[in-house]
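To start, the structure itself, in structure tokens.
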There are 2 protein chains.
Amino acid sequence: MYRTHNNGELHAADINKEVTLSGWVQKTRDKGFMVWVDLRDRYGITQLIFDEERTPKDVMDRCSKLGREFVIQVTGTVIERVSKNPNMPTGDVEILVSKLTILNESLTPPFTIEDETDGGEDLRMKYRYLDIRRNPVRENLIFRHKVAIEVRNYLSNQGFIEVETPYLIKSTPEGARDFVVPSRMNEGQFYALPQSPQTFKQLLMVGGLDKYFQIVKCFRDEDLRADRQPEFTQIDCEMAFVEQEDILNAFEGLTRHLLKEINGVEISEFPRMTYDEAMAKYGNDKPDIRFGMEFGELNEVAQHKDFGVFNQAELVVGIAVPGGNAFTRKEIDKLIDWVKRPQVGALGMVYSRCNDDGTFKSSVDKFFDQDDLAKWAEITGAKSGDLVCVLSGDKNKVRAQLSALRMHLAEQLGLRKNDEFAPLWVIDFPLLEWDEETERYHAMHHPFTSPKPGQLELLDTNPGEVKANAYDLVLNGNEIGGGSIRIHDKKTQSLMFDYLGFTPEEAKAQFGFLMDAFQYGAPPHGGLAFGLDRLVSILGGQETIRDFIAFPKNNSGRDVMIDAPAPIDEKQLEELHLRVELNK
Amino acid sequence: MYRTHNNGELHAADINKEVTLSGWVQKTRDKGFMVWVDLRDRYGITQLIFDEERTPKDVMDRCSKLGREFVIQVTGTVIERVSKNPNMPTGDVEILVSKLTILNESLTPPFTIEDETDGGEDLRMKYRYLDIRRNPVRENLIFRHKVAIEVRNYLSNQGFIEVETPYLIKSTPEGARDFVVPSRMNEGQFYALPQSPQTFKQLLMVGGLDKYFQIVKCFRDEDLRADRQPEFTQIDCEMAFVEQEDILNAFEGLTRHLLKEINGVEISEFPRMTYDEAMAKYGNDKPDIRFGMEFGELNEVAQHKDFGVFNQAELVVGIAVPGGNAFTRKEIDKLIDWVKRPQVGALGMVYSRCNDDGTFKSSVDKFFDQDDLAKWAEITGAKSGDLVCVLSGDKNKVRAQLSALRMHLAEQLGLRKNDEFAPLWVIDFPLLEWDEETERYHAMHHPFTSPKPGQLELLDTNPGEVKANAYDLVLNGNEIGGGSIRIHDKKTQSLMFDYLGFTPEEAKAQFGFLMDAFQYGAPPHGGLAFGLDRLVSILGGQETIRDFIAFPKNNSGRDVMIDAPAPIDEKQLEELHLRVELNK
């Protein structure tokens, strides 16, 4: 037996007990005649004391050889500390060691195993197993486990059944790129790894399972943007005999439960906002509503003056920056430079200072008088001391730009508080979105999403206007979940595939099994999937999902610790009937 | 809202309530003036009544169109049934329908949606979504969910953390064949799908996580024997600072908990048996100990007579078949034919009838007298009325043959009872096993398993005799879990790789990260993995894992429902820098 206790549980009540502990050497302080060692494990730190007078000589000798991260086992007596440490759960006691075994030695680790480490990102990823020894990383993994088990128990108690759907499925060119898996037993054929269990969960509804969930890995072979992973985890859910309202209520319940159990936060309401409203008010389909700064549309009051920039714009729109009049000219110039960066892409920014005396001072005083500027302030909700920032241009572009500026400023002003939670349903998403590249409409959510009742007819005349029974759950400016009511009859599904450019043969080859299933009594159904990585990181008050994944991949999709992917044996390729043909 | 209640919850107490129900038409009985419909959902069946006198005419008309598996919604009043059905939870009531909506029609399903269906295996797999509507399949999936959530909560309460390890890892030629995943972003390189998260869970122990578990999909590209799946699910566990005894206790606890919570069975003890003992007593490393029929070795009493077959044999070994003297000559001949089948491979079988009067009648009376046969009975434990069956030959082969016969007879005699549970630890497995094909020793468990203390030296002189810190948990003749104490120092691990025929370069390329990790303070650790599919099917009193998997694959690794694997687009292949080269 390696231990009688862990390193986080000994207290004053244990004084005089003989105990055996195991763990890692966090640090040693050697005064010659007396040595203190901090012994660490997952549960905490316990101080060991080795003392020339009371400790056997051989133990003293071995003790002097201990280095950082050595793995040791000690036996000793719990004694009261002379100088107690009230900041440590075990700070009242220390162990007077009588027996010491070195279980394993350690090279000097490449970075310090401390909350604030000296190791850079790359080094920490290569030695992830050492990074995980650090409290913040370990705590994140434990936090993730807690969230997952809360999710499972909550949904299970609500009658949801977790069903494992297959990982080796079929590739479909629709949507993002699949990872494929060559089949050795079926020559020249491939499985694909699921981008989500979408069709399977729908089939489970056809199968009468009524309420399904699964915490499940999903895979997308996309070029990785920052903080995207080729494999990611979803809380995947589906319900039968439901309307949108039933689903919103069910998952409001889950989210409310998590915020309460995990964060101790009671949420009174989950506001609902249409996609159109979110775009108009926040320029964004996942607005952070923890702070105001809502958009004010200024076309009526800012156009038809002599300012050509505004007159030619489809949309003139502003926000009030609280306390922004305090910005120096230099700070405002920096903001202007910021919105002009290619990542944001604005051509410039107009501003109006709201002075304490009720007057205004704008960057376009030549074209707008005090009355005009007063209207800007009124429409954007600016008060004395604020700054009105105005962008103009093509509606969709300028909304995205102003949204970026709004988030940037909120970050800068400390308005995005980690311990404040503001969930929001965004509903009535468009069914289709225009793809510039292929010059075609694509399904915004996926081809199984149902249009709002009576809107199917609009497909031919005004496809961009068709609204879907689709919804996203937004938390603090992040989409944490999204879903829809599905199509459940073959006719509508065929029509949708047809509209999305599938030939009947393609639709049959790829989704024939689903359309067949719809012919045998498919119930109305719908669902939702949460991104677990994102959800956990937001509940944890952070925004980097990588910090909540045990073994993440880097931006090239590589695991730098195990060095994967890697070439494989010629023999393996042969068995798979494959040849690699590298680009020259 | 599609329903106020489900179809399993209405009772006499609900009489006179107006309710709305949704579900599938299980069957209709049409008496012309009166129609009864059984409405089914996941939760049960409720009887609907349509009655010329009390039901609106338009509803009556629509009702006449209903076919099996139509999806409908009804509103009506709960009334008392004239003829109650005490076998149905809802059997006291029926619904007098006032409103009927057909939510979806159904073609006639290709097999009946009933407990005993007329659909064959192939048809049921192709239309698995309909198969899942049948009670036995649905109940199995719900049962699996219950087992999984019990496992998670039990382990979590014991301080285990569920950590998700990656699915896109690195291929290693050791062990079974990997499924590989070509990387588009890393040209000519491949990920592999994990055969188990073995190295990652060991790294989590190096990382100080102390107690890990994960219910996780694993993948093996093996030629599929009956009831094997290319993707399967493990309950994967690992603990640090443990000896074998700690692990056995921990997972005895889990198994005890499951048997109690799921099956209502209290297990008093988990016997332990060495591998050598299991092989000698049962010819099998996963013996079913619910019934006796232990092997009796007869070399001493059966050799050195004039019976050449026995004299030339390495082992003569028999079992007593309880009540087997009742077998007719024809039945015994059938048994002899059975052991001579190529799948078993015995050359013949000798038997001795134990008559009620204490005499014996054997098939080799020419060579053995009554005293000899009495010793056979004594050694095999045969009593009057039993039959002693004796096989002989090469030790390993004859043990396997007699084990097969033992299981066959137990099945035939009804000794393998579904509701009786007899767990058993088999311990002290050999470290290595001889592979006839490659004429080399291979790791019996895997190359990370530690040898028993002090046995490492035997590797050079008597490798087959080296015992490992490896153990299997056996339940009712099935291995439900297996694991080992791992090597945790670089030197031993290198030695092991060396012994298993890895060059230092190969060891470094494939497992360098693990050996590096061992240099930075790896704690002693060990673990175990349960096969969830198998565990669930045994707890469920069945032996076919496919019945507990929502969407299983067939013996060629195909999903016949979605028709996967399948060829992929030329464009996809190009992006992956691959060409398919089929065998001519």
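Every residue gets a Cβ built from N, Cα and C, even glycine.
Features reported for this protein in TrEMBL:
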| type | residues | note |
| --- | --- | --- |
| DOMAIN | B:151-552 | domain 'Aminoacyl-transfer RNA synthetases class-II family profile' |
| BINDING | B:Glu174, B:Arg220, B:His445, B:Arg486 | L-aspartate binding site |
| REGION | B:198-201 | region 'Aspartate' |
| BINDING | B:Arg220, B:Asp221, B:Glu222, B:Gln229, B:Glu479, B:Gly531, B:Leu532, B:Asp533, B:Arg534 | ATP binding site |
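Everything TrEMBL records as a feature, shown here on the structure.
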{"residue": "B:Arg220", "record": "L-aspartate binding site", "Cβ neighbours (10 Å)": "19"}
{"residue": "B:Glu222", "record": "ATP binding site", "Cβ neighbours (10 Å)": "14"}
{"residue": "B:His445", "record": "L-aspartate binding site", "Cβ neighbours (10 Å)": "21"}
{"residue": "B:Glu479", "record": "ATP binding site", "Cβ neighbours (10 Å)": "15"}
{"residue": "B:Arg486", "record": "L-aspartate binding site", "Cβ neighbours (10 Å)": "26"}
{"residue": "B:Leu532", "record": "ATP binding site", "Cβ neighbours (10 Å)": "27"}
{"residue": "B:Arg534", "record": "ATP binding site", "Cβ neighbours (10 Å)": "20"}
Open item on the list: Nearest by CA distance to B:Leu532 (ATP binding site): which of the binding-site residues is it, out of B:Arg220, B:His445, B:Arg486?
Closed with: B:Arg220
TODO: Do me a favour and check the Cα-Cα span between B:Arg486 (L-aspartate binding site) and B:Arg534 (ATP binding site); whole Å is fine.
DONE: 24
Task: Per-residue pLDDT averaged over the domain 'Aminoacyl-transfer RNA synthetases class-II family profile' (B:151-552), given as an integer - done: 95
Task: Span of B:Arg220, B:Asp221, B:Glu222, B:Gln229, B:Glu479, B:Gly531, B:Leu532, B:Asp533, B:Arg534 around ATP - largest C-alpha separation, Å - done: 20
Open item on the list: What does the DSSP secondary structure composition of the region 'Aspartate' (B:198-201) look like, as residue counts for helix, strand and coil?
Closed with: 4 helix, 0 strand, 0 coil
TODO: Using DSSP reduced to three states, classify B:Arg534 (ATP binding site) as helix, strand or coil.
DONE: helix
- [ ] For B:His445 (L-aspartate binding site) and B:Glu479 (ATP binding site), determine the Cα separation and express it in whole Å.
- [x] 13
Open item on the list: Roughly how many Å lie between the Cα atoms of B:Glu479 (ATP binding site) and B:Arg220 (L-aspartate binding site), rounded to a whole value?
Closed with: 18
